[in-house]
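If you look up TrEMBL, you'll see 328-338 marked as compositional bias 'Basic and acidic residues'. The compositional bias 'Acidic residues' annotation in TrEMBL covers 340-351. Feature annotation from TrEMBL assigns domain 'DDE-1' to 118-245. What TrEMBL lists as region 'Disordered' is 328-351.
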């Protein structure tokens with residue numbers, strides 16, 4: 001509005017901005033509203049899950065003293081406690097809120113290309129309790145991926161890219177993901193693998209593969225992932241916010257070039273892999289402590305003697321205690337018993 005005035009003369013501040021919004025009757029308006037309720041009986045499901053993890057973390061008789069002395073968190077090293085999750089990512093980040101005049105019933109926002117806020121890919125992240133990145137992030141796009149050799153050469157070298165008709169993790173892809181990318185970094189050591197109840201995570205082929213490689217699947221009870229899954233609790237939201245910021249910066253840089261004409265789908269896929277790769281590297285470098293703390297908050301990497309159980313910080317529950325891991329709260333599937341020498345058996349809970 002005032003291009004001829006020295007910009008340094010205007011100290012833009014939060015106080016000025018609040019006054020500006022008040023003066024012109026502008027407020028931060030929600031485009032959508034969401035509500036969630038935490039059922040009280042989730043405590044039983046979560047306690048069973050916590051005790052399942054604590055029970056399977058106990059040292060085996062053959063090497064009890066070796067593990068008890070060297071690994072206070074149990075027989076799983078921090079490098080072998082991991083969590084995997086799939087989350088949708090759009091081509092266009094419309095934040096759900098924008099500044100607009102008060103009283104107006106319709107709140108609109110401009111998008112780069114029609115429908116791109118709904119055109120989603122799936123982002124697959126696997127994090128470890130020590131905060132060290134070992135498995136690259138994966139992005140699953142819509143389509144077949146054929147005849148895209150030139151485009152594939154432009155993808156970020158640290159991002160795995162897959163295509164399928166649903167842009168979603170399926171049985172075959174998950175089996176290949178575990179075989180090719182997860183198992184090699186575990187180095188044959190006992191592993192605690194926390195993941196949700198998605199169908200592709202618990203097929204007979206996957207469970208057999210995990211059993212053969214000394215991996216204990218810790219299946220999070222249905223409806224509880226937002227409470228006890230490290231990625232959902234502390235990582236997914238700030239990671240996607242970082243991705244959104246990097247995407248906005250990249251769009252601004254590209255659209256500022258004089259020869260830029262319009263976005264093609266392939267260009268957007270390339271940019272998505274670049275932003276995922278940059279966010280993954282930056283998040284682990286700057287937010288490694290957030291990852292480590294998230295595993296402790298949900299009890300996955302706390303000492304097995306219970307001395308630090310006060311660090312449990314599960315949303316909606318105060319003073320939650322794991323208690324005796326030998327006891328059950330009575331809601332687990334009676335057919336799923338975990339033996340003293342078996343890692344791979346799964347304890348299911350009714351939802």
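Glycine is no exception: its Cβ is also placed from the backbone N, Cα and C atoms.
Helix, strand and coil content of the domain 'DDE-1' (118-245), in residues and according to DSSP, is 52 helix, 29 strand, 47 coil. Mean pLDDT, taken over the domain 'DDE-1' (118-245), works out to 94 on the 0 to 100 scale.
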